[in-house]
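Residues annotated as topological domain 'Cytoplasmic' in Swiss-Prot, with sequence analysis given as evidence: 1-37, 91-105, 174-178. Sequence annotations record features per position, and here Swiss-Prot assigns compositional bias 'Low complexity' to 1-11. Sequence annotations record features per position, and here Swiss-Prot assigns region 'Disordered' to 1-25. Under the heading transmembrane segment, Swiss-Prot lists 38-58, 70-90, 106-126, 153-173. Here Swiss-Prot flags 59-69, 127-152 as topological domain 'Extracellular', drawing on sequence analysis.
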């Protein structure tokens, strides 16, 4: 057997420094777009605005409930509005009291929530764009439907997803590297 048996030699530790001089711990990098920053608040407000416009435009038509993908877009836009608005309020609070929101649990919660809402918003926008192309180009039924409203709502849903993607990627990267 060639197992090694290391000997442990005690090393005298230096005296602890003054508690006032100790670093407060390792903080994650303060990147624009992270929770609790002005960039993060801007992204949340853009997500909310685009999702609210998509919801308002789609709800203004009277025939959206007849197509399942449009109902899915409305449901995803409602969820996106609620999520983005609540996190925008949290960001405003963090900015006002100068509080750091980048602890591990908060970033994990933000990343998971952003991932779920991003997947729902993107899939709803893709499904709605497929139906819109079917109605407009393939069936030529735009004279009977609200194609411009459907296209506008779908475009706003994609813009909401584009505003959500940096938030998700920054939170996920921060969660994975922390």
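Backbone N, Cα and C atoms are what each Cβ position is placed from, and that goes for glycine too.
Keep in mind that what you see is a predicted model, and the values were worked out from it rather than measured.
Put simply, of 38-58, 70-90, 106-126, the stretch with the most CB pairs closer than 8 A to the transmembrane segment (153-173) is 38-58. Within the topological domain 'Extracellular' (59-69), the DSSP-based counts of helix, strand and coil residues read 6 helix, 0 strand, 5 coil.
Residues 124, 127-128, 130-131, 145-146, 149-150 of the same chain sit 6 or more residues outside the topological domain 'Extracellular' (59-69) yet have a Cβ under 8 Å from a Cβ within it. Averaged over the topological domain 'Cytoplasmic' (174-178), the predicted model has a pLDDT of 81. Sorting each residue of the topological domain 'Cytoplasmic' (174-178) by its DSSP state yields 4 helix, 0 strand, 1 coil.
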